[in-house]
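**Student:** First the structure, which I've put down as structure tokens, then a few questions once you've had a look.
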Amino acid sequence: MSIDPKLWGNAFWSTLHHVAAGYNDHPSLGARQVMTNFIQSIPVLLPCAECQDHAFDYIGRADLDRVVSSRRQLFLFFFNFHNHVNARLNKPQLAAKTVFQRYRVPFDGEAAAATTEPPFHWSPWLTTALAVILVVVVAGIGHRSRFK
């Protein structure tokens, strides 16, 4: 069953950007492993088969060890992932400075333009909590759409 991304897409991207903004600048090995698992689970969480395929492809090409090495790297990964999807859908590209400011992540124009890296303290339980919330939201949308 596929659910129209217009119903869940904005909340999904907002969640990913918030997760990255809350990630530690210098994450522990455990936090990096949890985040790697979270990123790899993203395609499975998506309620759209086409979106799942595209996410598997995009994530499969990423150097996840580098992506999870810092807040900046993780934030840039999700920022670039979001813009990659927007380009595929012929939607406007997000401006790096705007997105970084919105999520209160320090902005370095050079590094952001080069593509890849990014304030509250990250803890492993947050990934689990956000993943559960995302699954509940997606399941709720699917449940409601069946009864319309």
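Note that Cβ sites are derived from N, Cα and C of the backbone, with glycine treated the same way.
According to Swiss-Prot, the record shows the following:
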type	residues	note
DISULFID	C48-C51	disulfide bond
DOMAIN	1-103	domain 'ERV/ALR sulfhydryl oxidase'
TRANSMEM	122-142	transmembrane segment
**Student:** Going along the chain, which residues six or more apart from C51 (disulfide bond) have their CB under 8 A from its CB?
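**Tutor:** C51 (disulfide bond) has long-range Cβ partners P5, P43.
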**Student:** Can you tell me how the residues of the domain 'ERV/ALR sulfhydryl oxidase' (1-103) break down into helix, strand and coil by DSSP?
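**Tutor:** So the domain 'ERV/ALR sulfhydryl oxidase' (1-103) is made up of 75 helix, 0 strand, 28 coil.
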**Student:** Averaged over the whole of the domain 'ERV/ALR sulfhydryl oxidase' (1-103), what is the pLDDT?
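**Tutor:** Taking every residue in the domain 'ERV/ALR sulfhydryl oxidase' (1-103) and averaging pLDDT yields 93.
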**Student:** How many other Cβ atoms are found within 10 Å of the Cβ atom of C48 (disulfide bond), counting all protein chains shown?
**Tutor:** 18
